[in-house]
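> Okay, handing you the structure first.
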RNA sequence: GGCGGGUUGCCCGAGCGGUCAAAGGGAGCAGACUGUAAAUCUGUCGCGCAAGCUACGCAGGUUCGAACCCUGCACCCGCCA
């Protein structure tokens, strides 16, 4: 794949540019040779989530375009907490932050390439230069360059002051992140910081700090915050929680399913944001979606590409096969044993013994499809419970030996798309 | 430190001695319609088959009876010449 298009033009058509400092100046610097750019990720959870991938993939894109990415794990900033509208964060303990920072660092490393070339990636943790900084040093060297007037007029700060107020700790977050940019500029000649548009203020803080202290002009570029067509924040799964990169938190199957279910109104935009597919291919998928929406070609492509990107080709093959088996038109009984076993390996499963005469309710609970027996019973009465694709309307229904697929599995489903397995032992 | 306000179910938020498992909204779940989509409409939404149990920051107390009253504690917020 030859890239003839300028990286800024690509970012632009993909919808990845929300705000920026002087784009012409940035273009000139990009053209002048490998530029060093960074994005930071704070350890606010044990894993990155899908939404984090927008800025992270921007680093990957920049690297592919011949530039050098720095991924930063916010071991220091994560101890302080970026102010948000919902109110003051509660601080996490130091070992929790350190552990999360490590895990996130491991995830970050998978999206950029490390080699000895000028475009080889660098991974840093801002605790490296912040941990040993003394308060006096910090207040004199960094704090002195920040105008309280400007800080107080920032959107988030204003809103917070009108609502619940804000601690000095969170208020100073801006200084830390700005300081990071200065450090990376000095250590690595980093002249571009990217991030989600909610980071604009923090990034600009760094741009100004570098200008004031080192009299250098560096760039800022943000990507729009990803929302769905309803304006809801992206990455909330239908189960309400986040869609996590960590396969322990969100299985590859669940990840794939999440993206297969993306609405028509969002899927093309997501393809641009989250995949490396070239423009022509995305245009073709857009046409497919318009002409033959029921085939969901764009959704399937998005899900497959994105699963491969995060979990690898092998995982994608497995979850595609499992999805095909479980959502296919055919009878579940027609699946051969190895296909069924493979599918069952991808979905949540439970176990039961035939001798215990488990009812549908038991099956729904043990497979994890229902949180309580009451919820399971409700599902059955609402007509939303299926065993082996057969709707079960009777709470007391119990499987017979002949219902077992290949002598050991029952495929339990709640609603249209929540599928799980129960392994039945004698 | 002083004075005042607050802490309710996943979230927001009402309740201010009984009829409160707790209004309303959002989210979630299910059904219908579909395309494993969206929108819409309907139902549902602490645990338990039930009796009942557990719940309104934590711990005690008053009362026949407390989310609602009292005491102490914790945390949050506002104001302080």
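Glycine too: its Cβ is placed from the backbone N, Cα and C atoms.
Automatic prediction, not curation, is the source of TrEMBL annotations.
Straight out of TrEMBL:
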- A:38, A:173, A:177: L-tyrosine binding site (BINDING)
- A:236: ATP binding site (BINDING)
- A:359-420: domain 'RNA-binding S4' (DOMAIN)
- A:43-52: motif ''HIGH' region' (MOTIF)
- A:233-237: motif ''KMSKS' region' (MOTIF)
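Tell me what's around each of these sites.
The Cβ of residue A:177 (L-tyrosine binding site) has 27 other Cβ atoms within 10 Å, all protein chains considered. DSSP classifies residue A:177 (L-tyrosine binding site) as helix under the three-state reduction.
Listed as Cβ neighbours of the motif ''HIGH' region' (A:43-52) (distance under 8 Å, sequence separation of 6 or more from its ends, same chain) are residues 73-75, 78, 81, 97, 99-101, 103-104, 107-108, 196, 225-226, 233-235, 242-246, 249, 255, 258.
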> With every protein chain in view, what's the tally of Cβ atoms within 10 Å of the Cβ of residue A:38 (L-tyrosine binding site), excluding that atom itself?
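Other Cβ atoms within 10 Å of residue A:38 (L-tyrosine binding site): 25.
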> Please list residues from the chain of residue A:173 (L-tyrosine binding site) whose Cβ is under 8 angstroms from its Cβ, counting only those at least six apart in sequence.
A:77, A:80, A:81, A:82, A:83, A:202
> When the pLDDT values for the domain 'RNA-binding S4' (A:359-420) are averaged, what is the result?
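That region's mean pLDDT is 93.
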> If the L-tyrosine binders are A:38, A:173, A:177 per the record, what's the largest distance between their Cα atoms, in Å?
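Greatest Cα separation within the listed binding residues comes to 18 Å.
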